[in-house]
Amino acid sequence: MKRNKTALRILVTLAVVMAISFWVGTSSKEVQAAEIGQPTPINEIFTDENLANAIKTTLSKPSTASAVSQVELDSVRDVTAESSNIASLEGVQYLNNLDTLVLNNNKITDLNPLAGLTKLSILEASNNQLSDISALSNVTNLHQLRLDGNQIKQLNGVSNLINLETIELSNNQITAISPVSGLKNLVGLGIDNNKISDLSPISGLSKLNHLTADSNQISDLRPLSNLAAMEVMRLDGNQISDVTPIANLANLNYVFLAENQISDISSLQPLFNSPNFFGITLDNQKITSEPVLYQQELVVPNNIKDEMGALIAPATISDNGVYASPNINWNLPNYTNQVSYTFNKQLAYGSFSGTVTQPLHNAYTATFDVDGVKTNEAVEETKLLQEPIAPTKEGYTFTGWYDAKTGGNKWDFATDKMPAEDITLYAQFTINSYTATFDIDGKLTTQKVTYQSLLEEPVAPTKDGYTFTGWYDAKTGGTKWDFATGKMPAGNITLYAQFTKNDNPNPDDPTTNTPTGNGDGTSNPSNSGGNTTLPTAGDENTMLPIFIGVFLLGTATLILRKTIKVK
């Protein structure tokens, strides 16, 4: 049992030792250059004939067939082989102590043989055919890297090169430089003739003192505003219009800003007053103003200002224009698509010149007609019209703008575009209907009546003891509504039935409390007590009904008695 445990422990120990040995071995291979096992002819190590010739010269060998040892290869510190038609770097991986490699103007496409050269400090491979530089990611001792004039689009691997002090990447196809943001030792950066628009990745490179970024797509200089160490800045041929961010860089010696879009340099006055400032180029600015609509009498303000903020008068003006500060005036009897003027002023440290182009767009008239009242808007062809405020009309609802007074097509201001001709759009309305309410002591009925139409007069209401006097616009008082002439206003109305109280609540009974007249014109007072006034001749109240009543009563009595006797 003890022997089994001992054997198991030995096996585990051996496995651990082997694993560590394998890890150490593979790790060392990642960071060390390759080695040849025995002396080998140069042209067998360096398979590119032109590179083999360069190594032969470096090692002072009679021919490329001469054998070299690893010791000899380790002695190589510098290799320069410019314009030598070298296509492959195979064999360079054996130059363990290589410090400087200059290979400008060749046909190299692959940098993989350099991946293990951890002592390489300077690499120049300008004007080759490189597109992928990720093989340099472990060559962290690099201090100078020059790769201009290649086909590089991305800077993969550059972020690891933290010891870089200068990097030249001009004349490539680079669109973003974010991998350089962590290169805190960088003092020089060359990125001319690329497709770069964003400089924000270099905003934190406090040691950067030389920047060349001509012929890119840069418009925003704000990322440079805190680069206090900056001495030389080349930004010709970009899209810069605002130079304010660089005005307070006190160590700036030279600024190159030709062929941009700069119209105002008044913000640079602090720079011009700096004792460290020696020169600036601001020639050939190409300024294109925002388009305006063509007018026969065109007036355009002059916005070109020098370092003191003063307007710079135009040097030349196209189309016979005239300058009357602060405006340039043109008389243009016929449409033209643009006008322009130039400027040129000598400065203390350089010159400021350029051309201002003012594009003109042809416009047509859109007329808005509201029942004959017209307003106009000048609109460029194919542009959207600005929708006017909806008009109002008493008693009507606005339905939209149409291309005809009645009917026609409704204009859609979100999608319909101005044609190449004048147009008239008409405001159309629909007539409104309102509610007329008839109130009879709180009992309501209604009518829907269109604006300015006559109301239909209801049947006159009745009320006991009262006489209906008409419909009024108030419960009491108010104005009586005339159904023959009164028209529906632009709003709901309520009409109230009004009555007058009758003086005699029972006007059809003339005897009620009415004195009886005598023949002499006097009246008899009413009797009191049990006395009854006898009827006079001609009265309807005679004795005949009394006799009939007595007769009927007697007859009924006799019949009752006979009935009792029979029983």
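For all residues, glycine too, the Cβ spot is worked out from N, Cα and C.
Which of 86-104, 542-560 counts as transmembrane segment depends on TrEMBL, and there it is 542-560.
With helix defined as DSSP H, G or I and strand as E or B, the domain 'Internalin Ig-like inter-repeat region' (309-360) counts 3 helix, 32 strand, 17 coil. If you take every residue in the domain 'Internalin N-terminal' (31-74) and average the pLDDT, you get 94. Helix, strand and coil content of the domain 'Internalin N-terminal' (31-74), in residues and according to DSSP, is 20 helix, 4 strand, 20 coil.
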